[in-house]
Amino acid sequence: MTQSVSRRALLAVPALVLALAGTVAVVEAAEPIRIGAILSTTGPGAGAGIPQRNGLQLAVKLANEKGGIDGRQIQLIMEDDGSSPDVAVTKANNLIFSQKVQAIIGPTLTASTLAVGGVADPAKIPVMAFTGLGVPLEKTRRCVFHMLPSQDLNARALLEVATKALGAKKLGVLHDSAYGNIVMTKIREVSPDYPVEIVAVEKWEVGATDATTQAAKVKAAAPDAVAVIGNSATPFRNARQIRLTAPLLSALGTATYEYVKAMGDAADNIVFAEFLVAEDPLPGQAAFVEAFRKEYGVLPKTMEASAWDAFNAVAAGLAKLGADTQPGALCEAIRGPFEGAMARFDFSQEDLTGLTLKSYVFSKLDKGKFVRLPFKAGS
Amino acid sequence: MLFTQALLAGVTNGFVYALVGLGIAVIFKGSHVINAMQGELAVVGAATAVFAAAIWGLPLWLAVVAGALTGMAIAILVELGPIRALFARRAREESFLLLTVGLGFTFSAGVLYLFGREEHLLPPLGDEVYEVFGAIIREHALWVIGISAALILALRLFYRHTHLGLSMMAASIDPDGAATTGINVRAMRTATFALGGLLAALAGLLVAPLIGVGYQMGPLLTLKGFAAAILGGLSNPLGALVGGLVIGILEAMSIVFVSSGMKDAVALTLLIVIMIFVPDGILGRAGRKGG
């Protein structure tokens, strides 16, 4: 009898110690840092939203593997706005007021950025939007930062490479009725600064199944180069099918491997104004490219890199803050230069992006493969 | 030369619209249901074939058959399930339209989930490119035109001269009368949807090498196909061809002679004018008589 009691007592001691240790451990485990994300992973915006999600999830995963920020793990709360600004606002309200996130990464689309900014900026929650600065109103939202160039800059980049690298004097433009329309307006505004004449402008509607006739009209004007602006591979194919042989130019939205596959044989002799050529990365981009390839088995492009940078910019701001959690403090901590994989940003600039013509990396599609061009704009 | 190119593009597009409109006309003819998800079924058919060839490594012809059968199978399931349920409850036309619109969204989301966000291209039926008065037409486009014409002729013969075709029409025109003559009305409606689904999948398969199908394309294809079918007279498969060609050529000419920015405004305005003069559609009267 005495023996079993003492054995039980012996067992009780380590059990008690372990229980106490467990309690202490729970108390000492730091609270995770909550970061929200609103991306368009379904709907028309999914073409950009899904690569953004991939880049973001990788960035968070690697940051957590390295121990998080100040010993605290990062908890990413991912939301899909379905490419709808109304849904984006609902998600933003939930993330900011219920989930109490410290920052929001996204949205993917312009309309959602405008909507979410209206909620987040007064609450001083930083938003890292995957859009270029648009309407002047956005300049007043000092907590909404932009990871992509404005359309004005995109237009200039296209004209720079067309006139200085390709030597084009006559430019044709094929653009879609949404994104392409915006860029075309900027091209018209900016083209007087360049020695180029715009000889043909034709439009196709978003989702159109064919743009052959429009391409034929552009071909009839005999341009030296043709800018094709819009999120569809169809006009590229149509242009090549009717033997439009001039080099084609396009923006970063179409510079992805999915589009290359959809273009088929037409994926040749196309010049892009983008930011990341993973086959031949700039020194500051190599680490990201390698990490992405290791995780997903494919190479990243601009969208993946922009999301990676968005998270890391927020993380850098958080690391700077330390214990300072005043509302608006994180916005101020982010507001400054940031060396990203996509480009060097400067969120303290008036356009809340800090990208310049020099930030662009120009590439050319050569029989379906991206080749980085040595051309540098803005020099 | 620009004019010729525009004309060829317009005719090719016209046949694309006609193919989608054909399925819509067939389903309407056999069940009076307006199938607002015809375009999505076309996308599903094409995406399945691409998937079967790329992922399962099936030879192309087998992948194409798989795509066609998938479109047909989904249409059959839709009929056996929700459509039949709505008929049993004596639902009105609006309910069917709402149902097919909703199903369209569902299939579109399904295609995004299962097949991804890219545009899918199928290999064409022939790589030749022909020059006609300085304009280019691809060999595959000629195949599309030829196969569509054959399909329309086959459908005409089917509805006029085969027992199944006549029964399907009878079941639609007068279900009670058809039932008294021993026709299984419900089975005929399933057959109509099967045929419509097959035609949708064929449309997607024929068109994928030309335009590349993606998860967002369904509604636009449905809209154009619908316009083609109505313009031609909704019950008449041949009408879908006429309607499709009118729309395709009007669009192309609007681009050439007005501007690409005004294309839809011009083409659709002309469409409205045509409909005012022939409200039953261009071949509508013939369709009423079972043409």
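In case you wondered, yes, glycine gets a Cβ from its N, Cα and C as well.
For reference, TrEMBL has these:
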TRANSMEM  B:6-28  transmembrane segment
TRANSMEM  B:40-58  transmembrane segment
TRANSMEM  B:64-83  transmembrane segment
TRANSMEM  B:95-115  transmembrane segment
TRANSMEM  B:140-159  transmembrane segment
TRANSMEM  B:193-218  transmembrane segment
TRANSMEM  B:238-258  transmembrane segment
TRANSMEM  B:265-283  transmembrane segment
Contact call for the transmembrane segment (B:238-258) and the transmembrane segment (B:140-159): at least 3 Cβ pairs under 8 Å, seq gap 6+:
yes
Stretch with greatest number of CB pairs under 8 Å, the transmembrane segment (B:193-218) reference, B:40-58, B:64-83, B:95-115, B:140-159 candidates:
B:40-58
Do the transmembrane segment (B:40-58) and the transmembrane segment (B:95-115) come together with 3 or more C-beta pairs under 8 Å, pairs six or more apart in sequence?
yes
Need a quick answer: max count of Cβ pairs under 8 Å to the transmembrane segment (B:95-115), which of B:6-28, B:64-83, B:140-159, B:265-283 is it?
B:64-83
Looking only at the recorded stretches B:6-28, B:64-83, B:265-283, which one has the largest tally of CB-CB distances under 8 Å to the transmembrane segment (B:140-159)?
B:6-28
